[in-house]
Structures are given as structure tokens and as C-alpha cells.
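Right, one structure below, let's go through it.
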Amino acid sequence: MSTSDYPRPSEDRIAELRENLLIIRSKIAAAVRLSDKKPQLVAVSKIKPAEDVMACYEDGQLHFGENYVQELVDKAEKLPQEIRWHFIGALQSNKCKALAAIPNLYAVETLDSIKKADLFQKSLPDTRSIPLRIFIQINTSSEDSKSGLPPITSTSSSSEAVDLAKHILQKCPALHLEGLMTIGSIEASTTQDENEDFDKLKESRDNLEAALKEAGLTGWGQDGKLQLSMGMSADFENAIKQGSDNVRVGSSIFGARPKKQ
Ligand SMILES: *Cc1c(COP(=O)(O)O)cnc(C)c1O
């Protein structure tokens, strides 16, 4: 595909998206000064056109997040291979195969079962040069509306998330256990400075690392540290101050989304 075949955003939209990215990047930089991390920005482009992704890509943005499998498949076909796609939507078993076939799928942030880990392990093509990064989703706010496994509250008791992490490390060489992801209570983020759900994710991470070490396992995260994916438009600055490694920002970059049918 030659460059001229890629979706072309309008000049006005390019200017608008560049401005928004600039604002988000400077807010991240400011929040980073209060933490010791340099988090990754995942631009969440769900329900927004491929042209918008192209405009951000040309402004140097590489990581994008999508929630709907077919939409991601369509965009990945049209857009540059260098883009690093993160799947951040509710994950259904019958969609794992279609996701695995996307050559530049970079990470799945919403894994929540051994069954789905096995489906990815089985269907990822041999042609992939890097393992698929996996975040296990944790439902830190225990809301029924949110997916994910319960938080890991101690190092000793067995928990679904610990079992899943061990399974990935022991049985799924095509996957790389990158870390934990949560959405957390948006209400807490808009009414309080610190969101206790983000602390719960950190505690889950520490407990999980201890449990994996105890089991003699290695090879997770980056430089031996599990990564935390937390923070969206409403709360990414606080999430960074609370230790996030990966923020997922949509509407503050692309504008409000219409309700999905
Ligand atoms: C939509 C979505 C986001 C981005 O939300 P904004 O509030 O638009 O920034 C982040 N994470 C997940 C899991 C999402 O579904």
C-alpha cells in the first residue's frame, strides 16, 4: 500500500487533533513530574474514523486503543502497519481468533480467563515476530457493569488472576504477561483526588509479583516489573500520580463519542 492510499483527514481536523494531543502530552508531562514514571499514551479511537487515527499517527502517536473487534479489523487493514493496536474492549471467546489474526495487534488489555489465553495461544500466527502483550483486567470497583477478575488481596491465597498469570507464563509462549489493567470507579475519580481503585490495582500488582516469585516464575512485565494500565480522559493525571504506566485517553483527544447502537 502506498502512502497516498491511506485515509486522508481534512486539514482542519489535523490541526484540531494535533492541538488536543499537544494538550494531553503536556498534562502527562506535568503529572509525570509528580511520579517517577513515563507512562505510555494509548489514544482510544473507538467509533472515530480511520482518518482521525491517521492524523494522530502522522503527529507521532503510535499506540491506539479500540473496543470493537470488527472495527479494529477494518481500521488495521486500512492504516499503517507500524501502528500498535491495543484491544481494550469486553473480550468474547468467539472473537479471540479474529483479533489474533491482526498482524500488528500489540496488546490485549482485557484478558480475564484461561480459556481465552489458550485461544490466543492457539490462534496467533507463527509469522508474528513478537509475543502478544497481555494485561489481565481487574474489576477494582467491583461494579457489575465492569468486566475483570477480583483484585488480588494477598500473596498467599489462590485467586483467579494469579492462576491466570501463572498459566500465561507456563503454558502460553506466544503471550507476554505485561501487567494489570483496570477502569475503576469514574465517580471516585471525578470527586476525589486519589482513586482508591488505582491503589487496589497497585496492591494487586505487588501481590501478584510476590506470588509469581514464590512460584519460581520469571519473564513478566518490563524489566521485571508488571505494568499498570489505568487512567482515562477523566482521571489520567491522577492515575499517573498513583503510578500508572499506560493511560488510555479517548474523548479528550478525539472529542465526545456518539452512543454506540
Ligand atoms: C473508551 C475507553 C477508554 C477511553 O475513555 P475516555 O473517557 O474517552 O478517555 C479507556 N479505557 C477503556 C477500557 C475504554 O473502554
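Placement of Cβ uses the backbone N, Cα and C atoms for every residue, glycine included.
What TrEMBL lists as domain 'Alanine racemase N-terminal' is 24-258.
Within the same chain, the residues at least 6 positions away from Lys46 (N6-(pyridoxal phosphate)lysine) whose Cβ sits under 8 Å from its Cβ are Gly65, Glu66, Asn67, Tyr68, Glu71, Gly89, Gly250, Arg257, listed in sequence order. According to DSSP, Lys46 (N6-(pyridoxal phosphate)lysine) sits in a coil region rather than a helix or strand. For Lys46, the entry in TrEMBL reads N6-(pyridoxal phosphate)lysine.
Here the coiled coil (191-218) returns a mean pLDDT of 92 for the predicted model. Annotation comment: TrEMBL describes 191-218 as coiled coil.
Within its own chain, the coiled coil (191-218) is flanked in space by residues 138, 140-141, 151-156, 161-162, 165-166, 169-170, 179-180, 182, 184-185, 224-226, 228, 230-231, 235, 238-239, 241-244, which lie at least six positions past its ends and keep a Cβ under 8 Å from the stretch.
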